[in-house]
Amino acid sequence: MANALGDTGVLEFMLIIGNLKKNKRTGWVIRDVPAPESVADHMYRMAILAMLLEEKSQENGNAAAKIIDKTRCIKVALVHDMCEAIVGDITPYCGVSVEDKHRQEKEAMISMCQNLKKEVADEILSLYEEYENQVTVEAQTVKDLDRFEMILQAYEYELSQQRADNPQYLEEFFASTKGKFKNPQVVRWVKKLTEMRDVFHSPSRNGTPEVPNGGSSNLVNGHTPASGKTVP
């Protein structure tokens, strides 16, 4: 009987989680981006980025290297926006205070996890609080991934919509992240992405977006899969 009840709790939980595949990212929606990504889209690619992290993160000018728990980063990435399955993607444009946003999101997390086994619920809630508190190197690294995935998605939208003629298109997303990245590896990714975007918006460009080696040409043809994110 206990197992049956536990299984029911898991299924109820996963049905709520399913909303993440439907809930669109507010930042793209309010800017009328066609076929904006879902919250699940965003979280999935963040988890993949976490898999690509170097476990030793060398600080610039510092001989000491920070050891990063990649598995924990993946878990934090998968949990950090989980509450949006209930409350949706609340952004500064929604007119909700930071305090009220945190209250709504925490209540949503507790409600979602209430029918899970205690040890599982405790782990999920702990990962959520870790990200919110931004004290651990893992939480800070996932915050970097959150911002990087956002501007990577913004760049993809510029490519798919052939917006090389307008350097200001979605610029606010890039501007909102400048100077905020801490992880040296993510800093390198941002630098490379910025270089690619500069080429795309260059006046001397001959009309063909730069797509990385191995990249999908459907980005050039405007058929990128549905995706997107909001300014922090």
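Backbone N, Cα and C atoms are what each Cβ position is placed from, and that goes for glycine too.
Unlike curated entries, TrEMBL annotations are predicted automatically.
Sequence annotations record features per position, and here TrEMBL assigns domain 'HD' to 39-151. This prediction places the mean pLDDT of the domain 'HD' (39-151) at 91.
Marked as region 'Disordered' by TrEMBL: 200-232.
Taken through DSSP, the domain 'HD' (39-151) splits into 77 helix, 6 strand, 30 coil.
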